[in-house]
Amino acid sequence: MNILNKPISYKNILFIPFFIITALSIGFASTQTSIVNYLNFLVLFFLLLAITLRFKYNVFPVLVIYLIFLGLIRRLLIPVTGWPEYDLLLIVVPLITLILFIYTLFNRKYVNVFQKNLLTKIMYIILLVGVLQIFNPLGGSLLSGIMGSIFLIIPWCWYFISYYYFDEQKILKVFKIIEIIGFSVACYGLYQTFYGYLPFEKVWFDIAGYQALYIGQSLRAIGTFPSAMEYTVFCMITFIISFSHLILKSKLKYFHILTCIVSFMAIIFESTRTIIITTIFASISMYIFSKNKKSTKLIITFFAFILLVFFVNSLRYIPTQIFGDQANNIEHIISGLTNPLAEDDTGSLHIERVFSGIITPLKNPVGYGLGTITTGATKSGSNLSTEFDISNILVGFGLIGFIYLIAYILVFRNALKYINLKKDTISLAIFGILIGGIGQWSGGGTYLVSIIFWTLIGFISKQDIGKKETNDVKS
């Protein structure tokens, strides 16, 4: 039948003016800077929601890509929308995560904490306490607690999603995405280091007043991320993934070599000494545990120690002036590595802050809540962050926070068991990433890397149950 001969539905006729009015309303709203933020949020949220409903857990790589470019997207929008007091783009992934997490729990045939392994039981407790700490009156306002949950509760939710549903193929896919995009992000960060920020980024910097980016007169790179710390940790993850391929002599050798060089250079010029140390230590540990013979491991450990001592002692002889505008960054690294406890160095202050956080539960057994140990402290006015997740959790959770330390021990136990069992790219990379990111698993100020850490932790925790497969419900 010819479509022109079909009877016209009055519902369709009524829909036409509704569609026109809606389109005109969106068009008008897009010209109002106060409404553009809401439109951006709605478009991104419903787009990702549609992908989630269609592909379920396979949406994870899409979320990773979105979070990699989150900082860049926000800075691009500032000239158009201005500086938003509450940026709704930051809650897109947390909302999708909560939907997936609830679906994960209710889609299981049974959810019985006592039938899971020890780490998963502890993670249920940590998650529950974390939710309760949102409402801790000592943490400032409820809003600061909710904001704090974005940086802690949401990554912990990914532990369970990964534990129940992620397999090696999903992890490998994410690793490939991180390595490819990570190479580009590191290159972009090096461009910022040597040539400065682009005009729209300078506008953002002038408005935000992000003074932590300064080292002397030079600015740290930030890549495509909201913060310099997250950019640095992401470069570490990129380096570790590439290095795991080199250890096992995978294909695309030259790309992995180039990625290692570029990402490690990005870490160096970022001048975050803790990440430099943990990255080097992670690389050595990966290489040692890739070997089967104990004698080989001991020999490598001995020579690695000798080389490290020689390397650190030779740093003081490097003529930093050859690095031009980046001389301050290099001097900052050298002084921190050769004399970390000097009175004029910040290393001793960081250590004091960590130890102060560890003894905080003795003063306040109930903790100060999530709003004081995360970026949410900007809304509560009481920033008690120690910049190290174990002591951070103790500050926020109080005495019960010591259970997080037990979780830390169990994670490394699982990682060691997995690497001794497999010795493949995934096991090596996860082992290295966990070492390289020690102290940052629940950093309290990162949107992506904490999710990556806890996704990997959930995956290796599943391997701990041996032949009893938890991945029985396919996505």
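Glycine is no exception: its Cβ is also placed from the backbone N, Cα and C atoms.
What TrEMBL lists as transmembrane segment is 12-29 (among others).
TrEMBL lists 35-53 (among others) with the feature transmembrane segment. Through the fold, the transmembrane segment (35-53) approaches residues 26, 29, 59, 62-63, 66, 77, 80-81, 84, 87-89, 91-93, 95-96, 99-100 of its own chain, all at least 6 residues removed from its boundaries and within a Cβ separation under 8 Å.
With a threshold of 8 Å between CB atoms, the same-chain residues lying at least 6 positions outside the transmembrane segment (60-82) that come near it are 33, 36-37, 40, 44, 48, 51, 89-90, 92-93, 96-97, 166, 170, 173-174, 177-178, 181, 185, 200-201, 203-204, 207, 222-227, 230-231, 234, 447-448, 451-452, 455. What TrEMBL records for 60-82 (among others) is transmembrane segment.
Panel annotation: around the transmembrane segment (88-106), residues 37-38, 40-41, 44-45, 48-49, 52, 56-57, 59, 63, 66-67, 70, 73-74, 149-150, 154, 157-158, 160-161, 164-165, 447, 451 of the same chain, lying at least six beyond its termini, place a Cβ under 8 Å from a Cβ of the stretch. Under the heading transmembrane segment, TrEMBL lists 88-106 (among others).
According to TrEMBL, the feature transmembrane segment maps to 118-136 (among others). Using a Cβ-Cβ cut-off under 8 Å and counting only residues 6 or more beyond its ends in the same chain, the transmembrane segment (118-136) has close neighbours at 142, 145-146, 148-149, 152-153, 156-157, 159-160, 163, 366-371, 396-397, 400, 403-404, 406-407, 410-411, 414, 457, 461, 464.
Here TrEMBL flags 142-165 (among others) as transmembrane segment. Using a Cβ-Cβ cut-off under 8 Å and counting only residues 6 or more beyond its ends in the same chain, the transmembrane segment (142-165) has close neighbours at 57, 90-91, 93-94, 97-98, 100-101, 104-105, 108, 120, 123, 126-127, 130-131, 133-136, 369-380, 396, 441-447, 450-451, 453-459, 461-462, 470-471, 473, 475.
The transmembrane segment feature in TrEMBL is assigned to 177-197 (among others).
Residues or ranges marked as transmembrane segment in TrEMBL: 231-248 (among others).
Beyond the ends of the transmembrane segment (254-287), by six or more residues, the same chain brings 179, 182-183, 186-187, 189-190, 193, 215, 220-221, 223, 228-229, 231-233, 235-236, 238-240, 242-247, 300-301, 304, 308, 326, 329-330, 332-333, 336-337, 340, 347, 350, 428, 431-433, 435-439 to within a C-beta distance below 8 angstroms of the stretch. What TrEMBL lists as transmembrane segment is 254-287 (among others).
Sequence annotations record features per position, and here TrEMBL assigns transmembrane segment to 299-318 (among others).
According to TrEMBL, the feature transmembrane segment maps to 390-412 (among others).
Long-range contacts of the transmembrane segment (424-441) within its own chain (CB-CB distance under 8 A, at least 6 residues past either end) are made by residues 155, 168, 171-172, 175, 229, 233, 236-237, 239-241, 243-245, 247-248, 250, 274-275, 278-279, 281-283, 285-286, 289-290, 387-390, 408, 411-412, 415-416, 418, 449-450, 452-454, 456-457, 459-460. Look at TrEMBL and you will find 424-441 (among others) tagged as transmembrane segment.
Remote same-chain partners of the transmembrane segment (390-412), defined as residues 6 or more beyond its termini with a Cβ less than 8 Å from a stretch Cβ, comprise 118-119, 122-123, 125-126, 129-130, 133, 139, 148, 353-358, 360-361, 364-370, 372-373, 384, 434, 439, 441-442, 444, 457, 460-461.
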